[in-house]
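Below: the structure, in structure tokens.
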């Protein structure tokens, strides 16, 4: 398996520290608002990575944090006249539900910042003891970037004072403009945490380093984790600062491999709530099936920036429809999992830095061949079983085609209408059983009046939205 390492800027063969086992940490959401498509893209990329690692026989321990300490959360709580916990619980729950609709599995470990304060205090103390941090007269604790000879080697940035002043909070008590807060002393606000350094709140960069040390780091390991992932916008300063903290507080580096997914853009602009052009995931899910969004957001290589537009989304749906139409042709077929050339080739392609474009091309070719075979030898059970086995592998490794094919084509029909159609189908089945064909035809017309197609199969009658 090969992964493009963002730190080394090359594609490298993936070799975990412990044979057969992989530790993965991904920066999760700050839960002060609804998830947008950028959050979805990142979560999907690393969900796919876990699936591919598992398919290659690795046992994966996947951690993705929840940032529930942040100034934005405090501001939102004040705006809504709610407690911090009420705000973070609400948006965390919403995030989980929306990710589930995209077919994203929950991580093995999901640490919260509020549950990791002791680990943060320990990390800050180590940095102070190692002379990589200092305390100001105001009670703040800063990381001393000048003490770390490897600072900026992850992001490969050049010392640029103007850039650092733009991206890193300024303070007259900092020794260097690039120094960043490990602990922010706060005396005039109620949302503070007691610590050995006084009342205050942890720095954002500190949270992730501490949670990795607490949950994933192992004694005598060269790296705290095998793979560290996140959005490309986190490379600097967040991941740069994380790496510096871990390197200077412990006897190991933070990650053996770094993976970063590209931005999601709308009309060519980087998606960001601060720019006001964010497309909330919950709004997209009202219009499109979650699996369609999954297919669309994964349809370009994870490192490429993604330009979200409805024309491409409609095209993605048509490509996913092909999977379900083949699955529908095979409905009722039973099979045993078996090795096929297609599965081998698909896994090899995805194992090459998650090469999704080539993978989707393979899937299209397989669907075309399967349909041609079914057209000419439709009763050949072995061919049907092979096609269904291939579809099952696509479902497992990519999360495409997970639904009943008839239910997939019912998206957009409300539950009340679905219930009414189900009742009519049941009545029609009874009429056909009693050979009341006039009633059966009348009931069929009533069903079709809902704007659906009705299909009679050996397994029963099914319908789909036109």
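Including glycine, each Cβ sits where the backbone N, Cα and C put it.
Sequence-distant contacts of residue 208 (Zn(2+) binding site), defined by Cβ-Cβ distance under 8 angstroms and a gap of at least six in the same chain, are 25, 27, 65, 238, 242. Positions annotated as Zn(2+) binding site by Swiss-Prot, on the basis of sequence analysis: 27, 208, 238, 242.
Among the features that Swiss-Prot reports, ATP binding site is placed at 273, with the record citing sequence analysis.
Annotation source Swiss-Prot lists motif ''HIGH' region' at 29-39. Sequence-distant contacts of the motif ''HIGH' region' (29-39) (same chain, six or more residues past either end, CB-CB distance under 8 Å): 66-68, 70, 72-73, 75-76, 87-88, 91-92, 94-95, 98-99, 231, 263-264, 271-273, 278-282, 284, 297, 308.
Annotation source Swiss-Prot lists motif ''KMSKS' region' at 270-274.
The Cβ centroid of 27, 208, 238, 242 marks the Zn(2+) site; residues of that chain outside this set whose Cβ lies within 8 Å of it are 204, 205, 207, 209, 228, 230, 234, 239, 241, given in sequence order. Neighbour counts of Cβ atoms within 10 Å were compared for the binding-site residues 27, 238, 242, and the top value is held by 242.
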